[in-house]
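Just below is one structure, and these are the notes that go with it.
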Amino acid sequence: MEGVILASSALFTVYIGAKWSAQEEEPEEKQLINKRLAVLFPIFGGVTLVLMYLALRYLSKEYIQLILQGYASLASIICFVRSFNPKTTFGKITATMSSIAIALFYFKTKHWMASNILAWALAANSISIMRIDSYNTGALLLGALFFYDIYFVFGTEVMVTVATGIDIPAKYVLPQFKNPTRLSMLGLGDIVMPGLMLALMYRFDLHYYINSTSQPKKHSTYFRNTFIAYGLGLGVTNFALYYFKAAQPALLYLSPACIVAPLLTAWYRDELKTLFSFRSETEDETDEQDKCKST
């Protein structure tokens, strides 16, 4: 049951993040991910993970947690305010005070619900801000993370040690119903990274909808199919956790699902060339989004 709730939370997060990714924003707020950055992501992620693992082993755990909790809480406050998108001064003050109150409550109690709220703000905003520039880049990123996740979960104790040893709002957690003292968890990386591909497919659908005159009612096809595939991947992950009774690299199941779903959709619709040639955040795409908003 915990797995179903965590999976539902992940689906809600990627849905909101994908929708937000198509909203008009200031150019400096957009972080475009190209193929070079896609290759560097797992490298930097691996280095960071190992450094955190070494810090946990050889430094004071309490000191490390305090620093990371403070940093994560500050980032969550910024993301939480951004989620409300207040237009007035009063709205900005209200949103800021509300987010600070939640962060302080988490900092004081470490309650899992407050942690999840902050984690949601981080994840949804990350999906909306970080934007993959093409399907090829997304496939490269998820493909690299596929091997990254397998190695660090099955090949070493690093990821499991860091995930369970550091209590920061960088994962969704839920007390197990049979044993409330134990927590089920889903890392934000398993939400944000596939979510970037889902967000790209949402923008691709928007692009296709504007340019298509033959099938205007099927403008959510790619996003819908990839969203379903992601949900099925989460289901397989939960089954693997239940069957093997051990930590699982979620991207082992989620990466192939989110890579193959758009590919099969494009193949079935005879749109492989269109999918491979689409580039996100071009001037044309921005114009198309503006047109869509005005209709």
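From the backbone N, Cα and C atoms, a Cβ is placed for every residue, glycine too.
Quick caveat, the model's predicted, so the values are computed rather than measured.
Per Swiss-Prot, the feature transmembrane segment maps to 1-21, 36-56, 64-84, 90-106, 112-130, 140-160, 184-204, 222-244, 250-268; the stated evidence is sequence analysis. Taken from Swiss-Prot, the feature topological domain 'Cytoplasmic' applies to 22-35, 85-89, 131-139, 205-221, 269-295. As annotated by Swiss-Prot, topological domain 'Lumenal' applies to 57-63, 107-111, 161-183, 245-249. The active site annotation in Swiss-Prot covers D149, D190.
Residue counts for the topological domain 'Lumenal' (161-183) under DSSP, helix first, then strand, then coil, are 5 helix, 6 strand, 12 coil. Secondary structure counts, DSSP: the topological domain 'Lumenal' (107-111) has 3 helix, 0 strand, 2 coil. Geometry remark: D190 (active site) versus D149 (active site), CA distance 10 Å. Remote same-chain partners of the topological domain 'Lumenal' (161-183), defined as residues 6 or more beyond its termini with a Cβ less than 8 Å from a stretch Cβ, comprise 1-2, 5-6, 9-10, 49, 52-53, 56, 61, 64-65, 68-69, 72-73, 76, 106, 110, 112, 114-116, 118-120, 122, 191.
For the transmembrane segment (140-160), the partner stretch with the most Cβ pairs below 8 Å, chosen from 1-21, 112-130, 184-204, 222-244, 250-268, is 250-268. When each of 36-56, 112-130, 184-204, 222-244 is scored by its Cβ pairs under 8 Å to the transmembrane segment (1-21), the top-ranked stretch turns out to be 184-204. According to DSSP, the topological domain 'Lumenal' (245-249) comprises 0 helix, 0 strand, 5 coil. The list of residues near the topological domain 'Cytoplasmic' (131-139) in space but at least 6 beyond its ends in sequence, with Cβ under 8 angstroms from a Cβ of it, reads 21, 30-35, 38, 196-197, 199-200, 203-204, 258-259, 262, 275-276, 278-281. Outside the transmembrane segment (112-130), and at least 6 residues removed from its termini, the chain residues within Cβ reach (under 8 Å) are 9, 13-14, 16-18, 20-21, 23, 29-31, 33, 72-73, 75-76, 79-80, 82-83, 99, 102-103, 105-106, 167-175, 183, 188, 191-192, 195-196, 198-199.
Long-range contacts of the transmembrane segment (36-56) within the same chain, counting only residues at least 6 positions beyond its ends with a Cβ under 8 Å from a Cβ of the stretch, are 64, 132, 137-138, 140-141, 144-145, 147-148, 152, 158-159, 161-162, 165-166, 189. Outside the topological domain 'Lumenal' (107-111) by six or more residues, the chain places 69-70, 73, 167 with a CB less than 8 A from a CB of the stretch. In the predicted model, the topological domain 'Cytoplasmic' (131-139) has a mean pLDDT of 94. Beyond its flanks by at least six residues, the topological domain 'Lumenal' (245-249) meets 149-150, 152-154, 159-160, 237 of its own chain at Cβ-Cβ distances under 8 Å. Long-range contacts of the topological domain 'Cytoplasmic' (85-89) within the same chain, counting only residues at least 6 positions beyond its ends with a Cβ under 8 Å from a Cβ of the stretch, are 95.
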